């Protein structure tokens, strides 16, 4: 009779880990199998109901044969749609198991520790020198050396939580949004320190590693304090006119205008040089949660707690049009542009949806997860979406909704509290993905993108 571990050359610790992992896979497969059976029964019930309705219509005494034909055709279409939905659902179940055996490596490269409260947003400069920016509830924004993890500059001009940070497309300027009801534009001048030999970070496969951590494990800001770096105390420009928290801000293409999103239910478009309000964008029924601009066109997307996001078009200077996207059932936490005519939206309803701007009635892909989703970011060149979650996980998906990886998280590495935001840096040789969380740290990751795509 065979027993676990019989004739095994593996160390007992490795063997027990493997057995535990196989047990997790078996449990997940069992849950999906049960869900699959329930879905099959539901489809069969609906098909029977549709068939019964079709018989009732066909058996009725109708004076017009066209009505009979139309009803029969409609029933057939609905039945076919249900079957197609069922097939798509089962194929996604299969693809999700395929990715659990992913061999792609996601390596934690650097931790950025220095804030004294949670970090809401992270961004990467688009000009030289390439630095990392973080926005924190401690009322400051910090600039970091990506390679060394040292803080290079601190912005202290806000008197409220700093909720977002974005870098100018061509100048050394940063745009921050704050709970003090303003957005600030400020200039920075930093000198990158000499690169240091890379520490021997433990390399870990993307997987399902999960170890509970207490809040006591959070990084200590005093261990790597930012008090010794230069401080920027005042903005070049302060953008005012909101009557509530400014939750996000972004540069329009060209960098001469900026857009802000506020809890006062409006988004504002400003001329940065003069600080003048150009447009006030109204229409959302509840507080805004995010705003994002298109990299090459004068397009803005705003998201809101009203379960919608809106696309604002400023390409024609004489008019600006708006389109409303509906499809989520809870707060839309962010919506971002990607390649072509696509927008990706994330929500507290635990889904991410990919939309075609030419057809806003329904998404072209839907990703369903087990936790609320915060500020998403898309690797434009490779079409990979990073999903930061309330449950401390970060998952990577492609644009068709296939899961590629989950970043490692354990007692030794990864975020210990809610992951708030993410940012890709496609051209950086060391770190190409950054995440930030309410555990007061940002993390730089090296994602082996070729391996991810090959595994797909």
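Placement of Cβ uses the backbone N, Cα and C atoms for every residue, glycine included.
TrEMBL: automatically predicted annotations, no manual curation.
Quick caveat, the model's predicted, so the values are computed rather than measured.
Here TrEMBL flags 29-56 as coiled coil. The compositional bias 'Acidic residues' feature in TrEMBL is assigned to 207-225. Look at TrEMBL and you will find 199-229 tagged as region 'Disordered'. Under the heading repeat 'WD', TrEMBL lists 112-154, 155-186, 239-280, 281-322, 325-365.
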Original post:
Could you give the number of helix, strand and coil residues in the repeat 'WD' (281-322) as assigned by DSSP?
Top reply: 0 helix, 21 strand, 21 coil
Subject >> Residue numbers, six or more beyond the limits of the repeat 'WD' (112-154), whose CB comes under 8 Å of its CB atoms >> reply: 160-172, 174, 176-178, 188, 190-193, 195-196, 219-221, 223-226, 229-232, 248, 375, 417-418, 420-425, 427-428, 430-431, 434-444
**OP:** For the repeat 'WD' (239-280) and the repeat 'WD' (325-365), check the count of CB pairs under 8 Å (sequence separation 6 or more) and say whether it reaches 3 or more.
**Re:** no
**OP:** With DSSP as the yardstick, break the repeat 'WD' (239-280) down into helix, strand and coil residue counts.
**Re:** 0 helix, 22 strand, 20 coil
**OP:** Report the mean pLDDT of the predicted model across the coiled coil (29-56), rounded to a whole number.
**Re:** 69
Original post:
Would you list the DSSP helix, strand and coil counts for the residues of the repeat 'WD' (112-154)?
Top reply: 0 helix, 21 strand, 22 coil
Original post:
Using DSSP, what's the helix, strand and coil tally for the repeat 'WD' (155-186)?
Top reply: 0 helix, 17 strand, 15 coil
Subject >> Tally of residues which DSSP labels helix, strand or coil - the repeat 'WD' (325-365) >> reply: 0 helix, 22 strand, 19 coil
